[in-house]
Amino acid sequence: MMHTVRSNADFDRQLMAAGGRLVVVDFTASWCGPCKSIEPKVKALSRKYKDRAVVLKVDVDKCSNVAHDYRVSCMPTFVFIRNGRRIDRFSGADEMELEYKMSKMAKAK
């Protein structure tokens, strides 16, 4: 499942609603070329792991407080969260790295 975050409060609600599932936060921007190039892969992985992971798409220009809280300085940046705790992160449009991390973390509980 993929959700476009609309506000800081929406982000907090989505984290709570995820429960124990893996949350993958995709920090992106409308003007970011690499973000656009990896978006189809992000969507495909969100469908593939829909029962075990939630993907939250956060536009850093619209939700700058969330981006600041997670110390995002380049896009795309992916932050992996479970039970409210950050467990991993990486920056860059690396489809293989994203798929590897999601497959590994979506299986763990």
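Each residue, glycine too, has its Cβ placed from N, Cα and C.
Features of the protein shown, as given by TrEMBL:
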{"type": "DOMAIN", "residues": "1-107", "note": "domain 'Thioredoxin'"}
{"type": "SITE", "residues": "Asp26", "note": "site 'Deprotonates C-terminal active site Cys'"}
{"type": "DISULFID", "residues": "Cys32-Cys35", "note": "disulfide bond"}
{"type": "ACT_SITE", "residues": "Cys32", "note": "active site, nucleophile"}
{"type": "SITE", "residues": "Gly33", "note": "site 'Contributes to redox potential value'"}
{"type": "SITE", "residues": "Pro34", "note": "site 'Contributes to redox potential value'"}
{"type": "ACT_SITE", "residues": "Cys35", "note": "active site, nucleophile"}
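Where TrEMBL records a feature, it is marked here on the structure.
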{"residue": "Asp26", "record": "site 'Deprotonates C-terminal active site Cys'", "Cβ within 10 Å": "25"}
{"residue": "Cys32", "record": "disulfide bond", "Cβ within 10 Å": "19"}
{"residue": "Gly33", "record": "site 'Contributes to redox potential value'", "Cβ within 10 Å": "10"}
{"residue": "Pro34", "record": "site 'Contributes to redox potential value'", "Cβ within 10 Å": "16"}
{"residue": "Cys35", "record": "disulfide bond", "Cβ within 10 Å": "21"}
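Distance from the CA of Asp26 (site 'Deprotonates C-terminal active site Cys') to the CA of Cys32 (disulfide bond) is 12 Å. Looking at Gly33 (site 'Contributes to redox potential value') and Asp26 (site 'Deprotonates C-terminal active site Cys'), their Cα atoms lie 14 Å from each other. Summed and averaged per residue, pLDDT over the domain 'Thioredoxin' (1-107) gives 95.
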